[in-house]
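Visitor: Would you mind keeping the following structure in view while I ask a few things?
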Amino acid sequence: MYLSSTSYTHGERRLIRDLGEAGCDDPRLKDDRLEAYRETTASALAMATEVGARTVAAAGVSPDFVVYATESTDAEDALVRSARLADGLGCPGSVVMSVAGHGCGNLGLLLHVADGLLGTSRAASVLLITSDRVVSRPRIMADGLSVLSDGAAATLASREAPPGGSPGFLVHGLAMSCDWNADPGGDPISAQKRSVRLGRSAAAALRSASGHGPREFTRAIFSNYRYGSQRFLAGAAGFAPAQLLTGPTDEYAHCFAADLLVNCDLLATAGAFALGDRLALSATGPHTWAMVDLEVVALPNAGGEGEEVPAGPTTSDPTT
Amino acid sequence: MDEIEQMVRQVCAEALGRDDVGPTDDLVDAGLDSSLTIEVITRLQMQYGVDVLDEFFVEPTVAHLARAIQERSLPSTEG
């Protein structure tokens with residue numbers, strides 16, 4: 001399964017220190033690369049429609065399926081939501097479905113569903129959309145992991161390789177580990193032990209699925225959590241510190257399940273990847289750790305296999 | 001207790017805000033959450049130039065971290 005034509009949108013840029021929530025002026029947020037968040041009055045469905053339409057236009061296909069992940073339903077009926085989404089995308093004949101329940105780990109769910117659809121149906125392409133916004137909860141996450149932003153991302157999953165000229169990725173393996181016994185509001189020590197267990201379990205499952213263990217990946221990429229948390233989670237799953245590649249946490253903060261799609265596209269465009277790089281994506285939620293084995297198969301303006309690309313963002317050494 | 005183990009113990013004790021951390025106590029059970037873990041590992045890295053986060057996940061104790069630092073700090077005898 002290939003992923004390409006990724007589109008995304010975020011709300012307006014706001015400074016975390018002006019958020020007005022308890023802890024928003026904690027200097028450790030900036031130390032951990034959290035400076036701005038994104039806010040919008042647009043509904044999750046409106047953002048989903050916008051990015052989905054852009055991906056459809058960029059790919060030049062009418063997807064057989066549309067799979068939409070959100071935890072922000074804005075109270076609309078699921079049937080109405082599907083109809084509006086299909087209409088807004090200009091794809092009235094596409095099969096539209098919604099998935100949820102894994103929070104920021106919903107990306108893993110989207111990819112699993114797409115992989116199943118492409119593998120067992122005659123579908124050639126599946127449009128994946130994730131969109132969320134904060135409605136009635138604090139943006140500073142209770143567990144201190146990050147600050148929540150509003151935004152959406154879409155990508156096209158296809159059986160055939162995408163054309164070159166823009167970032168494209170081949171999915172070699174998927175794994176999801178869940179622990180539904182966990183209490184998301186539990187004490188930090190229990191949460192830490194759970195993270196370690198889930199990370200190791202997901203890494204082992206991915207090794208079984210794709211044959212790649214944590215240390216064999218070129219890069220490990222997480223959602224836009226605090227830098228320290230990303231470093232901890234990477235270690236928990238068995239990645240070396242030098243493998244961790246961080247996205248633009250300072251600009252976007254944590255936009256639910258959209259971060260990883262955004263980060264892959266932005267980092268590819270910034271020249272952080274070379275063709276053939278193997279990326280381990282980790283999409284984590286309160287009960288979930290999804291891990292994805294991606295190969296970089298197309299880059300912006302990359303002329304051919306093995307072409308040199310300029311060095312891009314790398315993990316900063318916290319000691320410097 | 002050797003010098004490295006003493007330093008690891010001191011760093012952990014400061015992070016935890018308590019001075020009764022034994023060499024084989026489980027640091028996670030003692031209260032070292034993910035933020036404090038990274039703080040400890042970073043301070044040790046600044047002190048000794050080696051990253052022992054992976055060893056923390058093997059065995060989160062002062063004694064194990066000290067051993068790992070000692071082993072990684074030893075000059076290579078190869079080549």
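Every residue, even glycine, has its Cβ placed from backbone N, Cα and C.
Those TrEMBL annotations? Automatic predictions, nothing curated.
Quick caveat, the model's predicted, so the values are computed rather than measured.
Annotated domain 'Carrier' per TrEMBL: B:1-73, in sequence order.
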Visitor: Over the domain 'Carrier' (B:1-73), work out the mean pLDDT and round it to an integer.
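Guide: On average, pLDDT over the domain 'Carrier' (B:1-73) sits at 92.
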Visitor: DSSP helix, strand and coil counts for the domain 'Carrier' (B:1-73)?
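Guide: Taking each residue of the domain 'Carrier' (B:1-73) in turn, the totals are 47 helix, 0 strand, 26 coil.
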